[in-house]
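Record features (Swiss-Prot):
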CARBOHYD  S7  O-linked glycosylation site
CARBOHYD  T9  O-linked glycosylation site
MOD_RES   Q1  pyrrolidone carboxylic acid
MOD_RES   E3  4-carboxyglutamate
MOD_RES   P17  4-hydroxyproline
MOD_RES   P22  4-hydroxyproline
MOD_RES   P31  4-hydroxyproline
MOD_RES   P32  4-hydroxyproline
Amino acid sequence: QKELVPSKTTTCCGYSPGTMCPSCMCTNTCPPQK
C-alpha cells in the first residue's frame with residue numbers, strides 16, 4: 001500500500017476492503033450526502 005490514494009476497486013483507503021469509494025473519502029473532504 002502507499003498513502004491515501006483512492007483505491008476505488010481494492011480498498012476504500014483502508015476502511016472497507018473491496019468497497020468502491022470516491023477519493024474524497026480518503027482525504028475526508030466528502031460533502032455530507034443524506
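Cβ atoms are placed via backbone N, Cα and C, with glycine included.
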With a 10 Å radius around each C-beta, find which of these modified residues (P22, P32) has the fewest other C-beta atoms nearby.
P32
Which residues does P31 (4-hydroxyproline) neighbour through Cβ under 8 Å, counting only same-chain ones at least six apart?
C24
State the three-class DSSP label for P32 (4-hydroxyproline), counting H, G and I as helix, E and B as strand, and everything else as coil.
coil
If I take the alpha carbons of P32 (4-hydroxyproline) and P22 (4-hydroxyproline), what is the distance between them in whole Å?
13
